[in-house]
Every structure is written in C-alpha cells, then in structure tokens.
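As recorded in Swiss-Prot:
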- 265-318: domain 'SOCS box' (DOMAIN)
- 13-42: repeat 'ANK 1' (REPEAT)
- 46-75: repeat 'ANK 2' (REPEAT)
- 80-109: repeat 'ANK 3' (REPEAT)
- 116-145: repeat 'ANK 4' (REPEAT)
- 149-178: repeat 'ANK 5' (REPEAT)
- 180-208: repeat 'ANK 6' (REPEAT)
- 213-242: repeat 'ANK 7' (REPEAT)
C-alpha cells in the first residue's frame, strides 16, 4: 500500500502541475511536460482529460498544443458523457471548437452524444451560444438530432427563449413541425406572440394536433382565450372545423370555458359562421405550394411587391 501511494503521488503532483499551468495559460510549461512524456489523454477522477479542462477554461493555445501532441477529443467524461466539444459549447468557446473541428476527429465529435443523448448543438442551443451554433452548422452538424427524450436543439432554444439560436436553426432548415407541431403549440401556450408570428411566417403547420388529445394551436388559443393568437392562426390557415379527440372544435372549446361574450369566443363564432374569401384561400394555397424551405425566398419571386407583401401577411392587422 505504501509503495502504491509513493508511486501515485508523483503522478498526482504532475497532474496538479499541468492543470495549474493550463489554468494560468502557461503554454511553455504545458509544452515542456508533454515533450517530457506526459500524456495529454490521462483522466482525472471526473474522467476529464486535459482537453476537457482547457476547453472549459477557454485556454485556446493550450488546446492547440494538446491536439498537436495527440490529444483525443472523442473522450467522454464520467459526469455526463460529455466530450471537450460539449464543454466548449457550454461556455461558448467557438475558436477552441474550430480547432477540434478542423482536426481528423471532426466526424467523430460533431454529433457525439452525451449520456442523455445531447449533441454539442443541443448544448449550444440550450445555453444560447449563437456563434457556436453557427459554427457547428458551418461544419455540417446534424440540425435535428434527437436526445434520449426526443428533443431537438430547436426545441431547447424555444423553451429557453434563445431567440437568436431559434432563427439560426430555422435558417438552416430545422424542422419547424417537430413532434407534430410542438413549437407552434408551445408558443401559443406561453402566449409568446412574437414566436407565434415567426413560426407562422416561416410556414409552420397550423392544424397539427397533440398526439395525446388532438388539440391544435387554435384549440389551445381558445382554451387560453387568446384572441390575438387565434387571429394569427386563422389568417395563416387554421381550420376552425378541426376536432380534438373529444370531438370538439375550437369554438366548442371556447364555449365550454364560458358561454358569455369574450373577444376570442366572439372571433371564433364570426369566422366559423363565415367561409373564407377567395383571396385568402388563394394565399393559403400559394404558401403551401411554395413549401417550407422556399418561403424565405419569396423576395426572389418575379411578382409585384404588393403580392409579395400579401403572401407575407404584411398587411395583416395582428
């Protein structure tokens, strides 16, 4: 036992010495110890390598030296199965990430999953690291990877209200209708009108219902008595006759809350009674034909500006 302690003690001292050098950004000492044979892939009690440590601390020059001396960025720690790239994402260390992504290990780390199925893109979206999100997508990270709970980076960005990340992910064709329309329903439930408008403008399907009860975004607007959301949804094509699993239309849901006059109830009664005009039906159909991926290219269509504005709902009073 004494022999084991004596043998281990110098190793622990070396580990502490090189970690202290990394923390201080002392590249000279780091390089010297590596050249003397210190392995960059040794792991501490948490399973961290020196690459984990330097990536989390933001020590770019140390990361470069470790990679030059054979550091392996695919190693996962014992805390959550995170790679050094996950920690770089957590702290927004985009320049450090670029060093790792330009290495031979890129394909092994860019979509690497933690114990919970989180990729670096999940982490970056969760923490709102928009420049990091851009970098990962530049290096062709999978835009809609599913965690073990079936969550995508876009969903995390929405839940955490990381607006910049949301826009970047949508610009890179993240699935706006993931989990049968989760994003639009979430925006309605949270009464987040700016998100609701953004998703609708980008072509979110207004009529997808929750798998557990069939409630569409318009049903949820009725439940929340949110007339602004209801107007937006209707203008973008929500079907007032869609029924949930209990056989209720949005109007029936609104009446079930209270039969007395309320803005949302009054609106739903009005639009349920009257059919859409031909002009609005044409707009809905044209937007559907253009398709999700091409809606952002409306400005490039060889049509009059007034028609482009109409297709973008710019004249809507909502």
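Glycine residues also receive a Cβ, built from the backbone N, Cα and C atoms like all the rest.
If one looks beyond the repeat 'ANK 3' (80-109) by at least 6 residues along the same chain, the residues whose Cβ comes under 8 Å of a Cβ in the stretch are 49, 51-52, 54-56, 58, 60, 63-64, 67, 72-74, 115-116, 118, 120-121, 123-124, 127, 129, 131-132, 135-136, 139. Within the chain carrying the repeat 'ANK 5' (149-178), a Cβ under 8 angstroms from the stretch's Cβ atoms is held by residues 116-117, 119, 121-122, 124-130, 133-134, 137, 143, 184, 186-187, 192, 195, 198-199, 202-205, 208, 292-293, 296, all 6 or more beyond its ends. Below 8 angstroms of C-beta separation, residues 18-19, 22-23, 25, 27, 30-31, 34-35, 40, 82-85, 87-88, 90-91, 93, 95-96, 99-100, 103, 105, 108-109, 112 of the same chain, each at least six residues beyond the ends of the repeat 'ANK 2' (46-75), sit close to that stretch. On the 0 to 100 pLDDT scale, the repeat 'ANK 7' (213-242) averages 96 in the predicted structure. Taken residue by residue, the repeat 'ANK 3' (80-109) breaks down under DSSP into 20 helix, 0 strand, 10 coil. DSSP assignment over the repeat 'ANK 7' (213-242) gives 17 helix, 0 strand, 13 coil. Using DSSP to sort the residues of the repeat 'ANK 2' (46-75) gives these counts of helix, strand and coil: 17 helix, 0 strand, 13 coil.
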